[in-house]
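Following: one structure in structure tokens, then a few remarks.
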Amino acid sequence: MKQRPTTVDSTVKQALEEALQRFSSNHHGKNASYIPYLASVPSHLFGISIMFCDGTHAQVGDTDYAFAIESISKVFTLAHVLDELGPQALRSKIGCDPTGEPFNSVVALELHKGRPLNPFVNAGAMATVSLLEAQTPQARWEQIQATYNAFAGRQLSVNEEVYASEASSNQHNRGIAWLLQSYGYMYADPMEVCAVYTRQCSVSITCHDLVTMGAALANGGVNPVTGKQVVAAKNVAPILSEMTLNGLYDTTGDWYYKVGLPGKSGVGGGILAVVPGVCAIAAFAPPLDAAGNSVRGQLAAEHLSRTLNLSLLH
Ligand code: GLU
């Protein structure tokens, strides 16, 4: 059995180069288009980063291109709310089970009497935002922003063009927010919450930011670059459980089968995988499969997991 690397070495660099070369010419999938801005992002972009718990990192391709975090934001809002309320409250108010339906499904909500089942479908993500204790929308937003900044180790910003694009096309999410309210799973004003949720999805990150954010989860909640504890160590396992079960929409099982790691993807083309105690992998490539996951991002993660022996199942 191959040794797992614990720092950037020549094997790691070679695996990254191989992944870039092997999958750059894969043109399967399509950019998300239900959010107009995302359709305009150049489809050929492809970046892959890895960061170890010792803070060493390596990257190939377009790892400085800023893209919309989208659904991956749900991981970090969850981290904030877990630190405020603890895992038990989260589990009873939202849950940690797959819905078996697409991420924006209304059917799933209706089937379970409004209980969102997990914080990574849009319903559960908005319920999570609503659980955060804040008196005003601004205060709610600032807490989320501060958490994301701590994870990334720098000041992130919202891409206002993405926000405007999402805010003008998020009628479906607004419908979900009202439905949650009607079933008693919305814990603040639904339209205020939907707006803050839309804003969190519009945060601009690079692959390097994403891998740093993931490395903090790999490293027991401590950002390996800044050395700051950004989420309580005891809350990392609940986050990774959610990523394991629900990170890649309704094809999370397929991902786990191939990659063997907790992951999270977003319709902006980003994807994150976490190897607890070892490293994080982040990739960015806009074209998505039918479930909403980056095609090349998944291939890159699978390649690195296999080549570097990172799967948790080995
Ligand atoms: N803002 C997107 C939405 O709510 C995020 C979805 C995603 O990345 O899965 O539809």
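Glycine is treated like the rest: Cβ placed from N, Cα and C.
Long-range Cβ proximity for Glu166 (substrate binding site), meaning a same-chain Cβ under 8 A and a gap of 6 or more residues, is found for Ile35, Tyr37, Thr198, Cys201, Ser202. Sequence annotations record features per position, and here TrEMBL assigns substrate binding site to Ser71, Asn122, Glu166, Asn173, Tyr197, Tyr249, Val267.
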Exercise. Only counting partners 6 or more residues apart, tell me which same-chain residues put their Cβ under 8 Å from the Cβ of Tyr197 (substrate binding site).
Key: Asn122, Ala125, Met126, Val129, Asn173
Quiz item: Counting Cβ atoms within 10 Å across all protein chains shown, which of the binding-site residues Asn122, Asn173 comes out on top?
Solution: Asn122
Quiz item: Once the chains shown are all counted, how many other Cβ atoms turn up within 10 Å of the Cβ of Ser71 (substrate binding site)?
Solution: 25
